[in-house]
Amino acid sequence: MKTIGLVVKTDPEAARNADELEKWLAGRGVGVVRTGSVSDDRKAPVDLGCVFVLGGDGTFLSAARWIGDAPIPLVGIKFGGVGFLSETVEDDLFSAAEKILKGEFTIAKRMRLRVTIYENGQEQARRTVLNDVVINKGALARLAHIHTFVDGYDLTTYHGDGLIVSTPTGSTAYSLAAGGPVIHPAVPGIILTPICPFTLTNRPLVVPDSVRIELRLAQSPSDIMVTLDGQEGFEMTEGHRLMIEKAAHPVHMIILPGQRYFDVLKTKLKWGGGPAGY
């Protein structure tokens, strides 16, 4: 690898480690492109060999925005709170870097969603998300009424605080906190998780990743927002329509030797070991 990207959380410890990593890479003849802030109008150079993400899940999602559709592998180094998307921790940063430079890793492809927002029939925005699309109401707003179609079929109207549409990767984020299922990243599905539904029969639903989901507001109380990966938000009214489907380009995540998804899951969710009583 001739050049590596660095996306660094705004944190003194993460910044210090990033400085050390830059020097370490320079000593091995590897150039570095470093950023701490990400915007949609500034993308990563397409010739990066990979991107190290020093931070938490929010920083990782920012890095996924930074690379856009380019198949640049990402590796997360945990410096944040949760770290479901992190491959390793701060103490193993340089051993991970050594393995990556030697090519001792595999790639896991994580599905993304393409979100197109229409306002009065005109396209307002088009984005891709790795985790989720969230429609929710403000603290003082009335119930959100979200009319939901799957491949043109009138599925239901969700009445409640909102709705989360997530990828399997995003199933361990907001969707999990709202009562949604944990879905393995290799499962080709999309999860619809209502937030505090007023109708008790509105339960989380997993649909194939081949479907196209359309969301509209059946009624339009004020203060309804659409949030994309927790990074960007849009106001939503009755004049808006959301189209959500599987994106053409997945995110490529670096998997180091000996790392398994279930190890991360078990650690983060604090699951126990053997059967009760043993």
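A Cβ is built for glycine as well, from the same backbone N, Cα and C atoms used for every other residue.
Residues Asp57, Gly58, Asn131, Asp132, Arg142, His159, Asp161 are recorded by Swiss-Prot as NAD(+) binders, and the candidate that the same record lists for that site, out of Gln231, Gln259, is Gln231. Each of the binding-site residues Asn131, Gln231 was scored by the number of other CB atoms within 10 Å of its CB, and the largest score is that of Asn131. Among the residues Asp57, Gly58, Asn131, Asp132, Arg142, His159, Asp161, Gln231 said to bind NAD(+), no two Cα atoms are farther apart than 31 Å. For the binding-site residues shown (Asp132, Asp161), fewest C-beta neighbours within 10 angstroms: Asp161. Neighbour counts of Cβ atoms within 10 Å were compared for the binding-site residues Arg142, His159, and the top value is held by His159. Under the DSSP three-state reduction, Asp57 (active site, proton acceptor) is assigned to helix.
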